[in-house]
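According to Swiss-Prot, the protein carries these features:
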ACT_SITE  568  active site, proton acceptor
BINDING   455, 456, 457, 458, 459, 460, 461, 462, 463, 478  ATP binding site
COMPBIAS  226-244  compositional bias 'Polar residues'
COMPBIAS  357-372  compositional bias 'Polar residues'
DOMAIN    11-24  domain 'CRIB'
DOMAIN    449-700  domain 'Protein kinase'
MOD_RES   104  phosphoserine
MOD_RES   107  phosphothreonine
REGION    1-28  region 'Disordered'
REGION    25-448  region 'Linker'
REGION    96-118  region 'Disordered'
REGION    226-245  region 'Disordered'
REGION    253-298  region 'Disordered'
REGION    339-372  region 'Disordered'
């Protein structure tokens, strides 16, 4: 009471203060202005961008890790608590699917240990999350759903027997059978069911029931004329909660393995493994690229009951996976048995090329020649690059991986197609890392790079910008954790395709490294962002459209001449420099064709941009990129691709069965541009123009210099 009054502490103001960033909010446009670079992809108005998807030829089997429980505040770890959390994710913005310009919110855990598998449907795609791993960070998960058509039926409409009526917006909806455009395609079923779990992963998880107390899966060949007929019996195990599933006895014929498009029709937040077993929904982005050669085996299948929701694209996360393993390599990506060229000479900042192998390793790489491949298995074959020659000093990735998976006595060779229950041979994390080390360069990029700033998060890892110490130049660094990849082998796409193909209109990759258990890809940083920003916020005139098309066609002509199919051409995959130059990116989805493997069948791409033959599961080649470019032209004209207001399944059905799409306002488009579009959007692939032919079209004479794109970037940033 009589004590001295304490002196008030004075805090000085900041010294050397600089106001570098001013962030505001425009009430008229309802948008933030002046955001820092790393905030753009979090708050950008790109929540409606669809995500790409892939054909699940064979999801890499993975080693199980203990499943995690979730504790959120005072909530108990019940199944309902996980499903309740999903309501919160609907309000989180999801950015476009471009892997170099993407952010996504952190992923939640997967739920209680009593669950076997969770799957959700996001943007019409049912995705599965089977296991938890040691880390809480995001991981890539390829929602691959289809197998080679010769194995599982002649069309996409035989995946399941119809068992559930479709619901849309809370009302039951019956769809009429439509006549398919292709004679090979039958009418679509009216009922909707979920996608099957991958055969190998599903069986592997259920056979390990002794560890987790879930289900015991007794399976044997059914007595049937078809070699692909199986009889499955679910029997109860220790977990009482799953005993209700024991009543189900599932017998699948060859037609049951045929994929169905109906699984894409809805976007519910969660779906169920069985009619009585709710599962947590995990949102993840699917990734293209069909990976290594898989065994000729069907997928396991179970009908899934789903709850339809609205059509808005919601946030998604990635499942945490423990160490995945992989099958014998195939020629679906890179060039099967690629010949690695020595480092390029010149003044490149980053030396390119792999390290030379020791003599013993070089010989080991070709030790798999005596292995007997199963029937129908495509043995890796060399794609003859005009500028590359075979050298015994450099070993091929596919050959090396094959030797790893076959020579080890721990992993006996597979006997797929026989009556045995033997699993595909596996490659450990250490073996895979050793194989990847042959492709990347030695050293640590942190020795010459600093100031790493995260600017995005893609389907396989995060993207940072970094500064070169000795020049001050900014580069993009894509960091991918090997242990958190659902399909580790797809990482070779990112490294080898970008390393071997250099063009003025292709994003340049400087180098790649293994830093611990992460693959770091150092590449060109394009300050202008993605074409998606321009398409969604501004309107392009025909000069600007022609300028973009000219650059993209030059890149495609170069890639197609090398036998590379991009398979995901869209505005998200087109990046711009600050001065308006246009470059093609995202090569994780590509495939290689050659004389030995002239066509592809995998369902790969983003639904609205897919060519009809891809959706129809017909063999396809480089022509699919031309169709996708035509859709991207419509995107530049109308601001979005055709059928963008429809769910992916309905859009895919219309692409497959209807006449080619057209722009909304034809009267606003010149006859020259209409003619240009008509050459690309041709249903018959053989009648579709090639990239080289399109480069001579009169419309491209309207193309201006790269500087004509700069005002669009300024206009977008002003918004």
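Heads up, the Cβ atoms here are built off N, Cα and C, so glycines get one too.
Since this is a predicted model, take the numbers as computed values, not measurements.
Long-range contacts of the domain 'CRIB' (11-24) within the same chain: residues 32-36, each at least 6 residues beyond the stretch ends and with a Cβ under 8 Å from a Cβ of the stretch. With a 10 A radius on its CB, residue 455 (ATP binding site) counts 22 other CB atoms from all the protein chains. For residue 461 (ATP binding site), the count of additional Cβ atoms within 10 Å of its Cβ stands at 27 [all protein chains shown].
In the three-state DSSP classification, residue 463 (ATP binding site) falls within a strand. On a Cα basis, residue 568 (active site, proton acceptor) lies 22 Å away from residue 455 (ATP binding site). Secondary structure at residue 568 (active site, proton acceptor), taken from DSSP and collapsed to helix, strand or coil, is coil. With respect to their backbone Cα atoms, residue 461 (ATP binding site) and the residue listed as 'active site, proton acceptor' stand 19 Å from each other. Counting neighbouring Cβ atoms within 10 Å of each of the recorded positions (457, 568), the lowest count belongs to 457. Of all Cβ atoms in the shown protein chains, 25 besides its own fall within 10 Å of the Cβ of residue 463 (ATP binding site).
The two recorded residues, residue 457 (ATP binding site) and the residue listed as 'active site, proton acceptor', have Cα atoms 18 Å apart. A distance of 19 Å separates the Cα atom of residue 463 (ATP binding site) from that of residue 568 (active site, proton acceptor). This prediction places the mean pLDDT of the region 'Linker' (25-448) at 44.
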